[in-house]
Amino acid sequence: QGRILEKTGLCSQITFGRYVRQGRKLGVDPKLFIQDRQFNKVPVRVYQPKVTSDGRRRGILFFHGGGWVFGSLDTYEKVCRYLSRESESVVVSVQYRLAPEHKYPAAYEDCLHATIHFMNNIEHYGVDPANVIVCGDSAGGNLAAAVSQTLAGRSDLPKLRAQILIYPGLQALDFNLPSYHQNRGVPLLFRERAAFFALQYLNGDALHMQEVLEGSHIPPDMRLKYRKWVSPDNIPEKFKVRGVKPLRPTDFIAEVYETVKRFCEPNLCPLLAEDAIVHQLPESFILTCEYDVLRDDGLLYKKRLEDNGVRVTWYHLEDGFHGVISLYDYCGFSFPAGKRGLDSVVNFLKSL
């Protein structure tokens, strides 16, 4: 439908997608105080439980999904209300700037600045500075991982208590990992769309999408360097039983690499961070879905974290697909896997 509208010149695919996903305005929530604020010029929505608390609460910074291109505070209203109510936490949902209008690193910088602002003004929200968590799904999981890595090296701020990464996208080197083949045509995220979104975020356009999908955008020596972290060899065999065919390597195209070389920056692709950074990361929760092109990004990061001595809680939805959490109670339809996934996040939060 979006394509038809674009061809007829009525509106771009992205504008249409944003319209469809904008979410409905919800009424008041009897259990929460909800207010819209600005944290360091970044729009945020703060959810605070009304129920009295014995001590200071935990605080969660939530970065929404949507391929860095879609999504808003309203789209994730139900998810954030649920997290705040069920875990009795203060939730700050961050409205970062979207691509293609605002390219990388705009979204990352907005999430980082909002997080630092919150940490510096934490007493206004009754939050324990030792109990701040970053959380996000899909592109938001990418942003949470990047913010977490940036703050790991900061001595002037309290350490994050945890990071929660819900089917995160963490690398753009290899769009041919097993999960990319197995789930290439599974909604809500097709293999092509994953590359399309990454390129929109990076460059504000999707030129060279085909070359990126084929893998000709990364020089052979870099492929070799990152192979220790981004490789099917690091994915447990049981995830490869559904058809995986090895690809013949494509030739490297230098001019394509010139346009996408920032894919090798950890703030954009957190899976590529050095061990010295990964080693300092907080306790982590990673949720993966079996029917998701990004499944292996999560599995590879889980291994990296564990190899570096970081405690990881991993929750795998055997019947889950990409985006299932954002469909929780969405326009009257909901998937049991989405509710289970959300509850696994709540249980992790309560365990902290």
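Including glycine, each Cβ sits where the backbone N, Cα and C put it.
Among the features that TrEMBL reports, active site is placed at Ser138 (among others). Neighbour count (other Cβ atoms within 10 Å of the Cβ, all protein chains): 30 for Ser138 (active site).
TrEMBL lists Asp292 (among others) with the feature active site. In sequence order, Tyr167, Ser179, Asn183, Val186, Leu189, Gly320, Phe321, His322 are the residues of the chain that are 6 or more apart from Asp292 (active site) and have a CB within less than 8 Å of its CB.
Cβ neighbours within 10 Å of His322 (active site), excluding its own Cβ and spanning all shown chains: 27. Taken from TrEMBL, the feature active site covers His322 (among others).
Look at TrEMBL and you will find 60-207 (among others) tagged as domain 'Alpha/beta hydrolase fold-3'.
TrEMBL lists 251-325 (among others) with the feature domain 'Alpha/beta hydrolase fold-3'.
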